[in-house]
Amino acid sequence: MYLVWLSYLGFCLTSSKMSGDSLVTGSFVTADYVVFALMLLVSAAVGVYFAWADRGQRSSGDFLMGGRRLTALPVSLSLTASFMSAITVLSNPVEVYRYGASIGLYGLSYVMMVVVTSEVFLPVFYRLAVTSTYEYLELRFNRATRLLGTALFIVQTILYTGIVIYAPALALNHVTGMDLWGAVISTGLVCTFYCTMGGLKAVVWTDVFQLGVMLAGFLSVIIRSVVLQGGVFPIISDSEEGGRLNFWDFDTNPLKRHTFWTITVGGTFVWVSIYGINQAQVQRYISCKSLTHARVSLYINLLGLWSILLCSVFAGMCLYSVYKHCDPWTAGLVSAPDQLMPYLVMDILGDYPGLPGLFVAAAYSGSLSTVSSSINALAAVTVEDLIKPHTHMSEKHLAWTSKGLSLAYGALCIAMAGLASLMGGILQVERNNVYRICPSISIFGIIGGPLLGLFALGIFILSDYNVLQGALSGLVSGLVVSLWVGIGAQVYPPPAELTRPLFDSRIVSQHVFSSATRPVLADNWYSLSYLYFSPIGTITAVGVGLIVSLFTGGWQLKVEPRLTLMKEDTTLYYLIRCFKDRVSTAAVNHIKMLWTNNGCPLTLGFVLFPIEVMTRTGRLDLTKDREKEFGNTNPAFCDVELDLTRSSISHMK
């Protein structure tokens, strides 16, 4: 076994494409630092510009919501960038490299997410003109529910931002030699600066710029890999031969990490909890100047999500094609899988000064866009949910308070990155990397799932009912259950046959799970796919909430219809109404044509008249239309009672 391992390592050494035939991956040159610094400089400049352009803003609404005057295009790109963090840039290609391209099925989850968000959550929030998503919880339920929802969001977001800032810095430090804490502090300070100076407008427009940098970074790696491998089709062929094009796994076993069902069903719940109710996303699309702009922004955002997903999946296929005969991680060339993409970049782009810097700028752009969105959202919920209800500050003072909170939360996010450094690896539960679970998806599943269930109770339940009594109990129950399964999965990772990493057949795995100390639940309940954490929390919250409300009399209470989803909110309602109007108009025109060509039979008049009235008014009102078109001469259509006795006497006289 030892000789086999040495032979394999020797093959890796001879086949390495590193410039200078060295194992040292190299370090940044001046051009790389210039590109990286330029990205930070442009981001900061956007904040300065909007601070100057909006220097006359007088309210917290201007700072936190952009005055609700934003348009669809920049908002859509900001929505895409907000949760496409550095973890996406670094981990999605590695996911494809190790587990296959099945994550490409997230494209279907994105479609369902956009439809649900635009048709269900957007109309309600936009109609209520809320600033904080959790204002809705007080309007629909009570103050305690709102505060609990706000607290969960703050905890969720701070934990997430710590990982997002620290993740790229750690991986890139090991491979490129870029200073770890210099990168963490510089990106944190720049992000905090433009959030504090420019507010939501600065965040949105820097997201637009940073999304472009992310795409450019991916494309630089993809184009160079295609050139090295001799085209796109050899890369696809290598991936197919290596079993990486494993899209259509319809296994219904919920314990398997990634299948068609876990990604499309579980992924939909996760992304709806992000786009439908998460403050960072909701705050953007309700800041649009009209409901139409908000809806359009969500659908344009879908194109952006597909673009990032396609680039990250194909970058993973390039990674596999380049290293299909030599796994740098197994050979010891990198210490963790999250360093594979930076290793590839330094390997194939190291001879092109500036391009490694572009990819690193792309990774940090992902961090900046996510953290800036989080800082702005944290400031918004703090002002709206924790300060405004208890003070009587002027709008000018609230605006300054919002800026101060942005500064404070920026510092807290940097501190959380320091805490994340004490937690070890960035994308795996254990440092041996046998089972890798994305912390961001886990956090949003565990906390976002129960919150999604709470909002679903309020929005989907008919207006004749009220689930006030069960709202808190449902939220707490969903949170307890999702924490139970989530923490259990962290402590007792699933066995390798469920995670199914696609190691090369020549590599003998050095990692063996010990089952001696595993409890009974470890191989079933704790082994659930992490994508099911969110559905479990959502279903538990809704189920418990409805049951408790049923037994506490909540079903007999009334609630304002504006707080629930109404048929008039949906696009389908308007499409059906438009279709009916077109059909009615076509019928009238057809009958008029017959009338013109064939005269006007009595039966044709009776058919034409009510259809034309309904087409014109939307309902049949014979009295109103008779008075307008025909006068008041026919007693059969008269809406007053006839006094035949008086008429007869007058006639006799």
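Placement of Cβ uses the backbone N, Cα and C atoms for every residue, glycine included.
Remember, it's a predicted structure, so these values are computed and weren't measured experimentally.
Looking at 72-91, 572-591, the stretch flagged in TrEMBL as transmembrane segment turns out to be 72-91. Here the transmembrane segment (180-200) does not touch the transmembrane segment (530-557). Their Cβ atoms form fewer than 3 pairs under 8 Å, with each pair 6 or more residues apart. Here the transmembrane segment (530-557) lies next to the transmembrane segment (258-277) in space: the count of CB pairs under 8 Å, restricted to residues six or more apart, reaches at least 3.
Pairs of Cβ atoms less than 8 Å apart link the transmembrane segment (358-383) most often to 72-91, out of 72-91, 212-236, 258-277, 441-462, 474-492. Remote same-chain partners of the transmembrane segment (258-277), defined as residues 6 or more beyond its termini with a Cβ less than 8 Å from a stretch Cβ, comprise 79, 83, 99-100, 102-103, 105-106, 108-110, 112-114, 116-117, 120-121, 133, 247-252, 298, 441, 444-445, 448-449, 451-452, 455, 500, 529, 531-535, 538. Only sequence-distant pairs (6 or more apart) were considered; of these, at least three Cβ pairs between the transmembrane segment (103-126) and the transmembrane segment (441-462) are under 8 A, so the stretches are in contact. Non-local neighbours of the transmembrane segment (33-52) in the same chain are 186-187, 190-191, 193-199, 201-202, 205-206, 209-210, 213, 354, 357-358, 360-361, 364-365, 368; each lies 6+ residues outside the stretch with a CB under 8 Å from one of its CB atoms.
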